[in-house]
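Q: Supplied in structure tokens, the structure appears directly below.
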Amino acid sequence: MTTMTYDPAGERARVIGAHADGRVAIPTGEAQHVWRIAGTALLATRVIQGFVYWGGGSRRFIYAPSKLDAWGGHNWMANKFQTAMPGALFGTEHLISFLLHHFWLLYACVIMFSAAELIAGAALMAGLFTRLAALVSMVFSVVLMAMFGWQGATCIDEWTMAACNLAMGATLLLGGSSAWSLDNVLLRRRPSLAGRGWFRWGCGALPLPLGDLRLRNLTLALFAFVVIFDVGTYSYYRGSVVTPFHSGPVSPTRHHVTLTDGVVLPDGSVRVHAYLDAGTPEAPLHVVSAAVLAADGHVVEQWDAKALSALPKTSFANDYAYNTFAAGPYGIRAPMGAKATLTLPAPGSGAPGSGAVGSGAVGGDSIRLTDVDGRSFTTKLVGVAG
């Protein structure tokens with residue numbers, strides 16, 4: 001009988017022979033012993049990394065299925081995706097917008113993403129195809145960072161989770177699972193897997209089939225990617241690396257509304273497009289006052305909270321069907337990411353919400369919306385539209 005052994009550095013295996021029945025012997029020696037200790041030390045990292053993603057998938061499929069119920073209200077994932085749009089990176093806001101306008105494609109993506117989270121998380125916890133599952137978790141981390149990394153009103157929560165998960169995923173990709181894993185059970189039952197490239201790269205019971213130099217280069221490349229991506233996004237979101245601390249290009253705490261395309265209609269009503277593009281997703285915006293201002297700043301027409309609360313659904317032409325502008329008990333209400341064209345009826349028109357005060361919008365220079373915290377958002381009116 002002959003055996004498979006590792007060279008002194010433990011960096012590659014040489015098939016010297018096999019058992020009489022064709023089975024390849026499992027590598028042994030000091031290098032393998034050290035490898036198994038390292039894998040055991042990563043056990044908590046692997047299980048918790050898996051639990052994070054398994055938890056995300058299981059909440060939607062098992063414990064809180066309303067998150068996948070597109071017909072059951074405002075708890076499903078489309079609403080969550082829309083909240084990410086204002087601060088999303090790398091063009092992902094355009095991808096989200098496209099999906100929000102194509103329901104069945106959106107629904108399929110939500111199901112597939114949730115299933116992938118569930119499967120990858122379970123695989124990491126069990127140590128099955130560990131390296132492949134770790135790579136998938138790294139992809140999740142990058143995607144979630146690009147979409148939600150800007151959110152987190154106090155502790156930049158979403159960045160923290162994505163940054164840590166990316167580093168943990170890279171560590172598991174390099175380190176594998178070693179002992180205490182289903183990968184190791186498969187290897188014990190079928191020792192010939194030790195010579196299969198797909199097993200060495202996709203599972204985690206053995207070291208990667210790389211020489212010392214190539215393994216070092218791969219490790220340094222992953223290290224550089226993780227550090228540059230994590231520290232770079234942190235600097236972009238909050239500074240505090242080479243620049244002073246700041247609240248980000250998109251604030252996760254203070255609501256902000258961008259107003260565009262303001263116009264006075266022939267009947268004296270006012271139309272304007274509004275986009276809630278900053279603030280916390282945990283609390284909606286409440287607009288308690290709308291006013292048309294003259295060039296010198298005095299109010300020529302105004303709608304108070306009572307008038308705004310009486311606006312009919314026809315006053316809101318929402319861009320998306322999920323997070324929407326609508327009349328609420330304290331004026332106009334909007335969750336994060338909502339976009340809509342608002343139409344404010346002329347005073348004295350008899351239309352719902354027309355209980356404005358003033359001399360009419362014709363001749364107005366700009367329109368101003370004011371929220372419950374006293375913040376105002378303004379845009380120019382371009383004149384009377386035909």
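For all residues, glycine too, the Cβ spot is worked out from N, Cα and C.
What TrEMBL says about a protein is an automatic prediction, not a curated fact.
Straight out of TrEMBL:
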- 44-189: domain 'TQO small subunit DoxD' (DOMAIN)
- 274-348: domain 'Thiosulphate:quinone oxidoreductase small subunit DoxA' (DOMAIN)
- 104-125: transmembrane segment (TRANSMEM)
- 132-153: transmembrane segment (TRANSMEM)
- 159-182: transmembrane segment (TRANSMEM)
- 218-237: transmembrane segment (TRANSMEM)
Q: For the transmembrane segment (104-125), give me same-chain residues lying six or more residues beyond its boundaries with a C-beta closer than 8 angstroms to one of its C-beta atoms, as numbers and ranges.
A: 46-47, 49-58, 60-61, 68, 70, 76-78, 81, 132-134, 136-137, 140, 172
Q: Mean pLDDT for the domain 'TQO small subunit DoxD' (44-189), as a whole number?
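A: Mean pLDDT for the domain 'TQO small subunit DoxD' (44-189): 94.
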Q: Sort the residues of the domain 'Thiosulphate:quinone oxidoreductase small subunit DoxA' (274-348) into helix, strand and coil with DSSP and give the three counts.
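A: Split by secondary structure, the domain 'Thiosulphate:quinone oxidoreductase small subunit DoxA' (274-348) comes out as 8 helix, 35 strand, 32 coil.
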Q: On the DSSP side of things, how many residues of the domain 'TQO small subunit DoxD' (44-189) fall into helix, strand and coil, could you say?
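A: The counts are 114 helix, 0 strand, 32 coil.
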